[in-house]
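Annotation comment: TrEMBL describes 12-34, 40-60, 81-101, 121-140, 147-165, 177-197, 209-235, 241-268, 288-306, 312-333, 345-361, 367-388 as transmembrane segment.
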Amino acid sequence: MKKGETSILSNGLIWFGAAVSIAEILTGTLLAPLGFAKGIAAILLGHAIGCILLYFAGLIGAKSKKSAMETVKMSFGSKGALLFSVLNVLQLVGWTAVMIIGGARATGVIANPVLHTQGEALWCVLIGVLIIVWILIGISNLGKINAITMSALFLMTIVMSMVVFRGGTTFAPFGEMSFGAAVELSVAMPLSWLPLISDYTQYAQQPKAATAVSAVVYFFTSCWMYIIGLGAAIFTAQSDVALIMMQAGLGVIGALIIIFSTVTTTFLDAYSAGISFGTITKKVSEKWAAVAVCIIGTLLAIFTPIEQYENFLYLIGSVFAPMVAILIADYFILKKDRSSRPVDSTNLILWGIGFVVYRLFMSINTVLGNTLPVMIITAILCILVNGGKSYVQHNFKKCKD
C-alpha cells in the first residue's frame with residue numbers, strides 16, 4: 001500500500017464511527033409514531049436509498065482520486081463549483097457546533113454530578129480538543145486509534161441495545177407521522193454525507209471495494225442507531241441517550257463513550273470543511289483550515305444558541321441532493337468532465353431547477369420520501385438537456401463541415 005492510501009478496513013472503520021452518534025439515535029426516536037415494525041421498514045428503505053446514492057457519490061472520488069468538492073468541478077466547472085464549496089464549509093461549521101453541543105450536554109448529564117462540574121463549556125472544549133487531535137493525526141494515520149475507539153463504541157451499542165430491548169412495557173406511540181416522512185428522515189443521514197464521502201474514498205487503495213464497504217458499513221450501523229432510538233422511544237419512553245447510559249449503570253464510562261462517539265463523527269465534518277476550504281483558496285493548508293473550523297465550531301457551541309439554526313443548516317443541506325444527482329448523471333451516464341471550463345451554466349441552471357423542485361416536494365407526501373424522486377427528476381433533466389445539447393452541437397458541426 002502506497003503512503004497516504006487507506007485500506008478497506010480503515011474506510012469501514014471511518015464510516016462505522018460516522019454512524020455511531022447521538023444524532024442518529026435521536027432521529028430514530030422521531031419515528032416512534034409509526035410503531036416498531038413500520039418504523040423499521042421505513043428505516044431500512046430510507047437507508048437503502050441513501051446508501052446507494054452514497055456509494056455512487058463516493059465511487060466518483062475513489063476512481064478519480066479527487067476530493068468531494070473537486071469532483072463537483074467535473075460537472076459545474078472550476079469556478080462554478082465554488083458556490084457548493086462555500087455552502088459546504090458553511091454547513092459543516094454549523095454541524096460541527098451542533099454535534100459538539102449535543103455531545104457536551106449528554107456528557108454533562110452523566111459526568112457533572114459525579115465530578116461536581118457544571119454546564120457544558122468544559123465538555124465542549126474537551127470534545128473540541130480531541131477532534132483537533134484527530135485532525136492533526138490525519139486520516140491516513142488513524143487506523144490503530146480508530147480500531148481501538150470503534151471497538152469501544154461497538155461494545156457501547158451492544159450495551160445500549162440490551163438496555164432498550166431487554167423487555168418491559170411497550171408504550172403507545174404518540175403523535176402522527178406518514179411512512180413517506182419517516183423514509184425521508186431515514187434518507188437524511190446518508191444524504192448528509194454525500195458532499196463529504198469522496199474526501200475519504202479518494203485515498204482508497206481499492207476504490208470500488210473500499211467505497212462499497214464504506215456504504216454497507218454505514219447502512220448497517222446507521223440503521224442500528226436508528227432502531228436503538230426507535231426502540232428507546234417505544235419500549236422505554238426514553239429518548240435521552242445519557243439517561244439510557246445511566247440506566248445501564250455505565251456512569252463515567254458512558255460519558256467517555258458519548259465523548260468519543262461525538263469525536264469520531266464530528267471529526268469528519270471538521271476535516272471535510274478543511275478540504276472544501278482548500279478548493280476555495282490554497283493560502284491555508286487543509287489541515288489547519290480544519291483546525292480553525294473546529295475552534296469556530298467549539299466557540300459557537302459554547303457562546304451561541306446554535307441549535308436554533310438547524311433548519312437553516314437543513315436548508316443549505318438540501319442544495320446537495322440535486323447537485324449530486326447531476327454529478328452522478330454526468331459521470332456515469334454522460335461520461336463528461338467539465339472541470340476545464342470556468343462555469344457550466346447549463347448544469348447550474350439545472351441544479352437551480354432541482355433545488356426548487358426539492359423545496360416544492362417537501363409539501364408532497366410520497367412513499368419513497370422526497371429526496372429520491374427529486375434526484376431522479378434532476379438526473380433525467382441533466383441527461384435529456386445535456387444529451388440533447390451534445391446531439392444538436394454534433395449534427396450542427398457535421399452540417400457545417
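Even glycines carry a Cβ here, placed using N, Cα and C.
Residues 89, 92-94, 96-98, 100-101, 104, 120-121, 124-125, 127-128, 131-132, 135-136, 266, 269-271, 273-275, 277-278 of the same chain lie 6+ residues outside the transmembrane segment (288-306) yet bring a C-beta within less than 8 angstroms of a C-beta in it. Below 8 A, the CB atoms of the transmembrane segment (121-140) and the transmembrane segment (209-235) form no more than two pairs separated by six or more positions in the chain, fewer than 3 in all. The transmembrane segment (209-235) shares more Cβ pairs under 8 Å with 12-34 than with any other stretch in the list 12-34, 81-101, 312-333. Highest Cβ contact count with the transmembrane segment (81-101) among the listed stretches 12-34, 241-268, 367-388 falls to 241-268 (criterion: pairs under 8 Å). Counted over residue pairs separated by six or more positions, the transmembrane segment (312-333) shares at least 3 Cβ pairs under 8 angstroms with the transmembrane segment (40-60), which defines the two as touching. Between the transmembrane segment (40-60) and the listed ranges 12-34, 241-268, 367-388, the one holding the most Cβ pairs under 8 Å is 367-388.
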